[in-house]
Amino acid sequence: MQPSSQSLEGYQEIRMKFSSSWTFMLTSLGFAAGFGSVWRFPYLVFKNGGGTFLIPYFILVFTLAIPLFFLEVGLGQCKGIGMAHLLDLEKPKLRGFGYVGIVICAYISTYYNLIMAYSLRYLWESFKYPIPWLESIVEQNKPFSRDYFYDSIVQMSTSITDLNHVIWSLFIAYIVSLIIVYFCIKEGVETSGKIAIVTATSPYILLVILLIRGLMLEGSIDGIYYLFKPDFVKLFNPSVWVDAANQVIFQMSVGQAILCLYGSYRKKEDNLPNFSFAIPILTALCGMLAGLVVFSYIGHVSFKYNVSIQQLPLSGPDLAFVLYPAILAQMPMPNLWCILFFLVLLLLGIDTQFGFVDGIAGTIEDIYLGEVIVFGNKLTVQQVRLCVCSILGMIGLIYCTDIGFYLLSFVDTFGTNLSFMLGVLFEVFYFGSKERFEQFKIDLEKYGNHVPWLVEFSLTKLCHYTVVVLLIISIISQIKSSLDYSIYVVLIGWIISFSPFIAAIKIYIENRNMIDISKTGLDIELLTKQVQQ
């Protein structure tokens, strides 16, 4: 690629923008509220003391999620540029840390698209009658069966190293998912922001319909009571607070550099405090809605089959692709309810994938100031996004094999948790330093925004301690997860964990060396002049 001849000021003038604050809000809400709202949040509420879990959860929404959301969007909005270029302008030796969030997003987007492919496969099968996965449930005379998902959709091999064949039906679904995403975001946020009006709101309209139907089932109230039944003893358990903090960071999508990029697509004078409070709170409430939907149906299954709720799969892919499809397949008009549910999953996935693909493409455009030149040809906005989707499609081939499900779990374990925390740690300590934060406040006030006292207190004092504790917990958790793999696989996993930072550290060292060399050159020049005199 060739360097750009465009100036920063010229690029900012022609740079794409959200058409309104509401399209920004819906795009950000759609990006934040992904699959985790459906299959992770309800389980964590149930696992960690029901209603008691909501106390640390909402405390951390206000003291961690909202301040980080405010910071990231505010930085982009003030500077009119994404995180990578922002750091390059401020401190070139730290510019490598601006790419960390985007590298993590690239990891996540590959397996996130795989989950979209699962959803698309199930949506396709939901139009068939009878429902294909109902047969194994009837044969085994159980409330659910894992056979259809693991044998027909995933076709799992014996281990992560036992690669045998490509699952072509899944690969087609993977590519179709990417094609849908591409056509939604090919023009950038000017178009995807408008599409988000439909894709970000539709899942919750469908969830409300599913909730109304769920509340009409016998035993549904027991399920919801079980979800929110308080156990105040767990409030004093540190693991409950750690789970709440992890969920807040992942659910609100902070620390990924995407929100900074979204902020840069806003007008500098747009209101920041109101939206920075509203979006994280709405995201949390969307998780609550998903919890009500999930546990209303779980309560019905528990009542119908006289099975303890604790014996049912309540988290992760098993909840979304085993238990829930089984419940819906056994209801009157099963095709209708299955179609609605998998539409919800697909739309949630599309919104989040918007952010990942747009974030990667937007960062590339920022680096070259809008002039991405390959082999002498300047790429258009559409071509940059097509290249990103094409690369994701090629990577997707390995996910669409019989080891794909193992890879999903592997990359999720080694490519996100620890890397996320290290990225957030840098963000909090660099931008939360006294001198840098004061400059941030001045930049905001210049355009009519102010920093709420809660945000300032959290970013300059509280978040530092919270993130350090979470980082320690993440390291311990990843070490424990490493025990499930062979030494060679673990080595690859830890390389993936630190890979976003290897380039950043290399750039930092190179810049330090260049500074040292330039200083040495100046010293020699001064010494030569003194000798001559």
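For all residues, glycine too, the Cβ spot is worked out from N, Cα and C.
Residues or ranges marked as transmembrane segment in TrEMBL: 21-41, 53-75, 96-120, 166-185, 205-228, 248-265, 277-299, 319-348, 386-408, 414-432, 453-479, 485-509.
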Residues from the same chain, set at least six apart from the ends of the transmembrane segment (319-348), whose C-beta lies under 8 A from its own: 30, 33-35, 37-39, 42-43, 115-116, 118-120, 122-123, 126-129, 131, 133-134, 137, 143-146, 148-149, 153, 199, 202-203, 206-207, 209-210, 213, 294, 297-298, 300-301, 312-313
Residues from the same chain, set at least six apart from the ends of the transmembrane segment (205-228), whose C-beta lies under 8 A from its own: 42, 45-46, 50-51, 54, 289-293, 295-304, 309, 331, 337, 340-341, 343-344, 347
Spatial neighbours of the transmembrane segment (248-265) far in sequence, C-beta under 8 Å, 6+ residues away: 15-18, 24, 27-28, 31-34, 36-37, 40-41, 57, 60-61, 64-65, 68-69, 72-77, 79-84, 86, 98, 100-102, 104-105, 189, 280, 283-284, 287, 352, 355-356, 358-359, 362-363, 366, 416, 420-421, 423-424, 427, 470
Interface check, the transmembrane segment (96-120) with the transmembrane segment (414-432), three or more C-beta pairs under 8 A: yes
CB contact flag for the transmembrane segment (21-41) and the transmembrane segment (277-299), at least three pairs under 8 A: yes
Outside the transmembrane segment (166-185), six or more residues from its ends: residues with CB under 8 Å to it: 113-114, 116-118, 120-121, 124, 153-155, 191-192, 195, 199, 349-350, 353-354, 357-358, 361, 385-386, 389, 392-393, 396-397, 399-402, 404
Other parts of the chain folded back onto the transmembrane segment (414-432), taken as Cβ under 8 Å at six or more residues beyond its ends: 68, 71-72, 75, 94, 97, 100-101, 103-104, 107-108, 246, 249-250, 254-256, 440, 459-460, 463-464, 467-468, 470-471, 474-475, 477-478, 481, 492-494, 496-498, 500-501
